[in-house]
Each structure stands twice: as C-alpha cells, then as structure tokens.
Amino acid sequence: MEAGGAYNPRTVEEVFRDFKGRRAGMIKALTTDVQEFFRLCDPEKENLCLYGHPNEHWEVNLPAEEVPPELPEPVLGINFARDGMAEKDWLSLVAVHSDAWLLAVAFFFGARFGFDKADRKRLFNMVNDLPTIFEVVAGTAKKQGKDKSSVSNNSSNRSKSSSKRGSESRAKFSKPEPKDDEEEEEEGVEEEDEDEQGETQCGACGESYAADEFWICCDLCEMWFHGKCVKITPARAEHIKQYKCPSCSNKRARS
C-alpha cells in the first residue's frame, strides 16, 4: 500500500495542500462515511490501517509491504480494538493516531525537500490553524465553531444570508452571516470574544467560511456545514424540510 502514490509536493503550499487533502479524506471516514469505515475494520482481518489520500479519498488497507516504506505508515491494527471499546472512544483513538500520521507525512516531505526553519514554522502554523481530526470527531471543533461563529439562531438572520435565493423558508441552506452590531452590543463581552476568534467554521472539516460556497445548517445541533462535506447539493436542499447532520442522524439511529 502506497500512502499517496507518486505525488511528491515540494513547496510549503503544496505540502499543506497534500495535508488538507489527506485530512479531509480521513475526516470523511470517521464522520460522514463512518458506517462504511466501521464495516471495513473487521477485527477478524489482519493488521489494517486508515489511509488518507491527497485527493480527499480514504482507504482501509494493509500496511505497505516494502521496508522501509515510501512514506511514514499510519498506525497498525486499528481494526483489533473496534469491538473492544465504545464506538466513540474507538473513533477518537483512530483520530488521534491519524493526526500523528498526517504530521509525520507533512514533515517527512519538509525534511525530504530541505525546508528551512522559516518554511517549517510556516507549515506548522498553516497546519495548526485547522482543527485536528480528533477535535472534529470528538465534537470539540463543533463547539469551537459555535464559539467562533457569530451566526444567529433566529430565522430573521438566516433569511438575510439567503436573500439571494429569495425565500425565508430556505434560509437554513444559506451561507452563514455575522450578527448585526446592535446584537453584538447586547451580548457584551462574550460576543466580543467571538469576534476575535473568527468566522463560522464547518462542523465537519473545521474550515472557515469562504465566498461562493454552499452551506447548510443542521436543525438539531444548529451547526453549519459545507454542502460538499455532508453530500448535500443546493438542489437537494430545496426538498429537505428538516436537515439533520450525519452526527445527529447517527445519534438518533443508535438511541
């Protein structure tokens, strides 16, 4: 198994792009695709690893046969602990090891292509601006997203961000918008802290809002998500009366 094929990023920006692609794939495995990931991690099979690829795909497979491998290898045997602990704890454990692997791969490229102190520091800062996979899986990133977000929970503010769609009834599928100045003053110091922390973050990937992206809000946990992260298109969203994110859907299914 080659963890990424022949693609070799050579600049800080390319390594970071590689990191983000692998990270996005592993987050999908542990969140939106968690049922398939759980099924593939059969404890009866040999040592299995979770791989993230630069194209945002993920894969459960055996480790590389060549020694030493072309790239650092992820942790072995994630399937063995699947049935021996609570699912949430198991996913968190895989997430922690996945974070360690992503850093190992990124700084492997940095060492291989001679990044100097400034390059390594810049790469680390770029990586550190994103929530870890563990934070996303454990829900910490969602909490941070709520703290950082200045999105209002009432329909009037949602309708502002959906004005281009021409209907308040579709406001929950809009792009997140900051609150009005008057609302910020009413909420005092707490709101000021939120402003300092930044914009709305996607509850799945943890990345901040950017222009020309479709977002959707979960009606249960009231978190915002990239449509692409939860596999919802604008056309599909028009026919959803109450949207539930994958995390909320899984909780209701297990209860």
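Yeah, the Cβs are placed from backbone N, Cα and C, and that goes for glycine too.
Looking at 40-92, 199-251, the range tied to zinc finger in Swiss-Prot is 199-251.
The separation of W224 (site 'Histone H3K4me3 binding') from W215 (site 'Histone H3K4me3 binding'), Cα to Cα, is 7 Å.
According to DSSP, W224 (site 'Histone H3K4me3 binding') sits within a strand segment.
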